[in-house]
């Protein structure tokens, strides 16, 4: 679904603390070029508890969904991404 080399580069680009930019990351892994169904498939992989949503606790570990040896997001990075993705303010990101 996503190119392994693109994922490796994207994870490497945000290896430093506080360097994660969700827009840049998703562009680098190729999600911006995927259709809605393909994006939904990736979302389902990242939705670890299969609730249909990505909650803040899952979001903290989102990079590990792409690469097992990736770092966790900081609280600041997690909150920034949640604010960008949580369109209705319920503390979750839907597909």
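Cβ coordinates come from backbone N, Cα and C, glycine included.
The Ca(2+) 1 binding site annotation in Swiss-Prot covers 47, 49, 51, 53, 55, 58. For residue 49 (Ca(2+) 1 binding site), the count of additional Cβ atoms within 10 Å of its Cβ stands at 10 [all protein chains shown]. In three-state terms derived from DSSP, residue 49 (Ca(2+) 1 binding site) belongs to neither a helical nor a strand segment and is classed as coil.
Classification of residue 90 (Ca(2+) 2 binding site) by DSSP places it in coil, neither helical nor stranded. The Ca(2+) 2 binding site annotation in Swiss-Prot covers 86, 88, 90, 92.
The annotation domain 'EF-hand 1' is assigned in Swiss-Prot to 34-69 on the grounds of sequence analysis. Beyond its flanks by at least six residues, the domain 'EF-hand 1' (34-69) meets 1-2, 7-8, 10-11, 14, 20, 75, 78-79, 81-82, 85, 91-95 of its own chain at Cβ-Cβ distances under 8 Å.
The average per-residue pLDDT of the prediction over the domain 'EF-hand 2' (73-95) is 95, rounded to a whole number. Residues or ranges marked as domain 'EF-hand 2' in Swiss-Prot (evidence: sequence analysis): 73-95.
Annotated phosphoserine per Swiss-Prot: 19, in sequence order. Within the same chain, the residues at least 6 positions away from residue 19 (phosphoserine) whose Cβ sits under 8 Å from its Cβ are 13, listed in sequence order. Residue 19 (phosphoserine) falls within neither a helix nor a strand when secondary structure is assigned with DSSP, and so counts as coil.
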Ask   = Do any residues of this chain, six or more beyond the ends of the domain 'EF-hand 2' (73-95), have a C-beta under 8 angstroms from a C-beta of it, and if so which?
value = 17-18, 20, 22, 39-40, 43-44, 47, 51-56, 59-63
Message = Beyond the listed site residues 47, 49, 51, 53, 55, 58, identify every same-chain residue whose Cβ lies within 8 Å of the center of their Cβ atoms for the Ca(2+) 1 site.
response = 48, 50, 52, 54, 92
Task = Specify the count of other C-beta atoms within 10 Å of the C-beta of residue 90 (Ca(2+) 2 binding site).
result = 10
Query = Taking 55, 58, 86, 88 as the binding-site residues to compare, which has the smallest set of other Cβ atoms within 10 Å?
reply = 88
